[in-house]
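Enquirer: Before we start, here is the structure in question, set down as structure tokens.
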Amino acid sequence: MMRSAETIVAVATAPGEGAIGIVRLSGPSAEAYLDQLFCAVRPTLKRLSHRLYLGHLRAAGGQIIDEVMAVVMRAPHSFTREDVVEVHCHGGMVIIRQIVDAFLEVGARLARPGEFTQRSFLNGRLDLSQAEAVIDIIRARSESAGRVALAQLDGRISRIVAEMSDRLADLLSHVESLVDFPEEDIEFAEFSFLEEESRSLLAQIEDFLEHFDMGRIMREGLSVLILGKPNVGKSSLLNLLLGESRAIVTDIPGTTRDTIEENFVLGGIPLRLIDTAGVRDSDDPVEVEGIARARAKVASADLILLVVDGSRPLDEQDRLALRACSDYKTLLVCNKTDLPQSSLPHDWTALPTVFLSCRSGDGLSLLRNSIVTLLGGSVQGDLAQEVVFSDRRHRDSLLRTRESLMRFQSALSEGLSPEFPALELREALDALAEILGKTTPDDILDRIFSRFCIGK
Ligand SMILES: Nc1nc2c(c(=O)[nH]1)N(C=O)[C@@H](CNc1ccc(C(=O)N[C@@H](CCC(=O)O)C(=O)O)cc1)CN2
Ligand SMILES: Nc1nc2c(ncn2[C@@H]2O[C@H](COP(=O)(O)OP(=O)(O)OP(=O)(O)O)[C@@H](O)[C@H]2O)c(=O)[nH]1
Ligand SMILES: [Mg+2]
């Protein structure tokens, strides 16, 4: 096991935001540093691992910083497999900073982003797919995204990759035994085993790749973009769907200046609902930027809700918004049905349309059903059951594994000397192993861990 000589420290909680704050240390001197600064209310001769002790934490100079609870988790039974210490203090920013400073003073070093998880990976407690799952869990903004990430942390990917690697290694040892006896022809039974086994592995990879898009949906949600000219009720629609006053609503056109995104689940489908700045010709640079952002989101939207004010005749600005979403899956939302209605021009009636009043809520269930129906094709089956791979890096490894396996098959059927198919199998194994980080180059590892926040 690789142990780092340095002991690191960082705040593990959002500083200044909670009732309790946690300062965490990892490394060989973690407990010695605690001994220098922590004084238990009921001193014991031998501190037990994994037990919380109440006491006071002092600055290196001696004055008490806070009343805290402290825990030691001795190696290797800790998150990093090193000695870990946690100090649970009051959540104030000043206190947390003083405690971190005190540990720096006695010799700890500030942790880099993701360094705790990186040590957990380097010490073999987590493989790379599990370490990545830790970031995904923190970043997850919907329950479904959290579920995929948790399954990954639990080792779902690790087990599948390990099993596939075993089968590849088995294939390789068969092929290598042929290398040792080059003069003998490959027996028919042997040949068909190699053929069938590689075909079955390829089918499994295809299956994972097919469900990859589901993984994206579970992680990110299908995006539903709310578009329309100013003041038609886009933000009111966002609030109505979410059931809370998330976005500011006023009768002043141009209220929403930037895009607002919220996750929610509709009919079992995870959605990312995006409210945008009203589309119109404008000179105000802030508004122009907001409109540009709205338009940029159009191309990546899975569905556009084009909102118009049904109580007014449609005008050139409405047409501007309509043009922005031509070519994309669009549902026309004719809002403000509580007011006397103006009629829709003929060229608008081709779009699927829902009549709605954000004020009274009339038409809401129809709107919900229409959204689910329009998006339904993108989602089949029980998402959580099917999804294994949802990370682009993993997909890339799977694609390269597939390429190598296909080259293996051609080398086999062309009757090439066994070294050639063996070479392809080794490449397939390497590509697959990158998912777990076993063959992943250092620069890629650094990039992955630098995406973490400090303290993780
Ligand atoms: N206070 C606190 N909460 C936390 C964490 C933490 O580090 N500290 N975690 C950090 O991400 C997560 C929990 N993950 C953890 C995973 C393993 C171990 C650990 O000590 N594992 C030992 C077995 C412990 C035992 O024997 O009970 C091991 O694997 O050997 C700790 C936390 C979320 N909650
Ligand atoms: N009568 C009526 N008024 C509505 C309805 N929906 C929204 N409004 C009103 O229309 C005005 C504009 O609503 P917003 O939701 O801010 O409109 P918006 O499209 O987000 O506007 P911008 O952010 O400026 O582009 C507000 O005064 C709302 O109260 C509705 O169904 N009926
Ligand atoms: Mg708005």
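All positions are counted from 1 along the displayed chain.
Glycine residues also receive a Cβ, built from the backbone N, Cα and C atoms like all the rest.
Pulled these from TrEMBL:
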- Arg24, Glu86, Arg125, Lys456: (6S)-5-formyl-5,6,7,8-tetrahydrofolate binding site (BINDING)
- 231-236, 250-256, 275-278: GTP binding site (BINDING)
- Asn231, Thr250, Ile252, Thr255: K(+) binding site (BINDING)
- Ser235, Thr256: Mg(2+) binding site (BINDING)
- 221-376: domain 'TrmE-type G' (DOMAIN)
Enquirer: Looking at the binding-site residues listed here (Glu86, Arg125, Ser235), whose Cα lies nearest to that of Pro253 (GTP binding site)?
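Expert: Of all the candidates listed, Ser235 is nearest in space.
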Enquirer: Does anything in the same chain, at least 6 positions from Thr256 (GTP binding site), have a Cβ under 8 Å from its Cβ, and if so what?
Expert: Lys234, Ser235, Ala247, Ile248, Asp275, Thr276, Ala277, Gly278, Gly290
Enquirer: Looking only at Ile252, Ala277, which of these binding-site residues has the biggest number of Cβ atoms within 10 Å around its Cβ?
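Expert: Of the binding-site residues Ile252, Ala277, the most buried by Cβ count within 10 Å is Ala277.
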Enquirer: Check each residue in the chain of Arg24 ((6S)-5-formyl-5,6,7,8-tetrahydrofolate binding site) that is at least six apart in sequence and keep those whose C-beta is under 8 Å from its C-beta; list them in sequence order.
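Expert: Long-range Cβ contacts: Val9, Ala10, Val11, Ala12, Val84, Val85, Glu86, Val87, Phe116, Gly455.
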Enquirer: Measuring Cα to Cα, tell me the gap between Arg125 ((6S)-5-formyl-5,6,7,8-tetrahydrofolate binding site) and Thr255 (K(+) binding site) in whole angstrom.
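Expert: Distance (Cα to Cα, whole Å): 50 Å.
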Enquirer: Tell me the Cα distance separating Asn231 (GTP binding site) from Lys456 ((6S)-5-formyl-5,6,7,8-tetrahydrofolate binding site), rounded to the nearest angstrom.
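Expert: Between the Cα atoms of Lys456 ((6S)-5-formyl-5,6,7,8-tetrahydrofolate binding site) and Asn231 (GTP binding site), the distance comes to 43 Å.
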Enquirer: If you average pLDDT over the domain 'TrmE-type G' (221-376), what do you get?
Expert: 90
Enquirer: Going by DSSP, is Glu86 ((6S)-5-formyl-5,6,7,8-tetrahydrofolate binding site) sitting in a helix, a strand, or coil?
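Expert: The three-state answer is strand.
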